[in-house]
Amino acid sequence: MLLVDVAGASADVAASSARLAKIARIAELLRRAGREDVAIVVSWLSGELTQRQIGVGWASLRSVPAAAAEPTLTVAEVERRFGEIGATAGRGSQARRAQLLADLFSAATDVEQTFLRRLLTGELRQGALVGVMADAVAKAADLPAATVRRAAMLGGDLPAVAAAALTDGDAGLAQFTLQAGKAVGPMLAQTAADVTDALDRLGGTAMFEAKLDGARVQIHRRGDSVSIFTRSLDDVTARLPEVVEATLALPVTDLIADAEAIALRPDGRPHRFQVTASRFGRRGGTSDTASNPLSVFFFDLLHVDGVDLLDAPAHERIARLDAVTPDSQRVDRLVTSDPGAAQEFFDRTLAAGHEGVMAKSTVAPYEAGRRGAGWLKVKPVHTLDLVVLAVEWGSGRRSGKLSNIHLGARDPGTGGFVMLGKTFKGMTDEMLAWQTRRFLDLADGDATDHYVVKVRPEQVVEIAFDGLQTSTRYPGGMALRFARVVRYRDDKAATDADTIDTVREIYERGN
């Protein structure tokens, strides 16, 4: 299959707001893909490289060669080149990687260059989410969507499921079963406004758990063998020996469990998320165990000693979890129908330094790989009034509109602004239309000449965010987590915006 076919389908999917149209377009593409290309195409259209990371970002793509006149690149050839770029290391690797990248882009047409750029920078915003992609695979293979979704849930690898479905149909999907040692797509949570909202949505009674600001891990044990996977299903077993040790101490033979790994201070309060995250990076590992040990807290059980629990109600899974794990290695928990008791638990959890609570149905099954209605997260909302420093032209449905806004806090010391991140979340169609007009008026230079449009720092926007994290990308050393637009504040001048000192105060008190 030619790359131009994938790029064209991606553009069509991005331009459509209709779910069924997206599914039909992707399914049509998958039917035409060769069996060796299916998994690659599904990965790319899901916004992922099969290699995950190959060391290419926006900085590497600021200047690319002129586009080719005719499409010649195949999916297999581009995949091979991605692998070669990712494998480039050692002395002179930066120059070699740049040359390989230039060679690739010089062979790509304009539409292919656009697709490659967005794929490599994680900006492939086309609405081909996992649910859409799974349904497209089902349509292409003429299989029930539920069958494909369950295989993807158990296999934790939709591209592999797609390849099996398109090649061998039902028989191909039979290989995807729950097995210790084989990562499963984790169940995800929806959001509730507060604990009362959570209780209402869960039928009046809920199990509330402390939501730790650590790293979610899926722990597998087969006899004396332990495997640990991240939320994105990366194998990090070798980096977490203390979690392996804790798992081997449990009185079980086989197990698949959901847990949180977190770095704690001597007083039991959590370190900042970055301290925990440092153990999961490329440079993290066993050498950090003594200075930065992780504690493990289990919160769900998917399988134990030959018994699959995915379809069991939550109260049964938790009862089995409690039977095989010590109190000290389980998250704090409260089952209640009393909003007052739930709020007290929420407040106590925040006071302990954690980021919020999870509210869970006591009767819901474990919906692996899905954002199930049986799990709701409740977190405090922070807001800041920040100033827009620049805006990026959108793509897909947002093509022709100024979309992603760069956010800065006021610096009283210099009179300037310190960038804290960027977001396009929370924007309605009406807001996009308004801000396009507004920022074109504020543009500092030719707004059509660059992907990023610098603007005069005059527009104040109210931003909600979940917290702050350490960042080397921005000069203030901090970045907003999960920022989204609440509203534009035309009643405020840039001099009324929150200062970088205010942001630091939030950061220092643990968000």
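Using the three backbone atoms N, Cα and C, a Cβ is placed for every residue, glycine included.
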Next item on the list: Name the one residue among R231, R272, R317 that Swiss-Prot lists for the same ATP site as E209, R216, E260, F299, R371, K377.
Entry: R231
Next item on the list: Using Cβ-Cβ distances, find the residues under 8 Å from R231 (ATP binding site) that belong to the same chain and are at least 6 apart in sequence, listing them in sequence order.
Entry: P186, A215, R216, V217, Q218
Item checked: Those residues of the chain, 6+ apart, with a Cβ under 8 Å from that of R371 (ATP binding site) -> M187, L188, A189, Q190
Note to self: Using a 10 Å radius around each Cβ and all protein chains in view, which of these recorded positions has the most neighbours: K211, K377?
What the structure shows: K211
Check: Which number gives the other C-beta atoms within 10 angstroms of the C-beta of F299 (ATP binding site), all protein chains shown included?
Finding: 23
Checklist line | E260 (ATP binding site), number of other Cβ atoms within 10 Å | finding: 22
Check: Cα distance, K211 (active site, N6-AMP-lysine intermediate) to E260 (ATP binding site), nearest Å?
Finding: 9
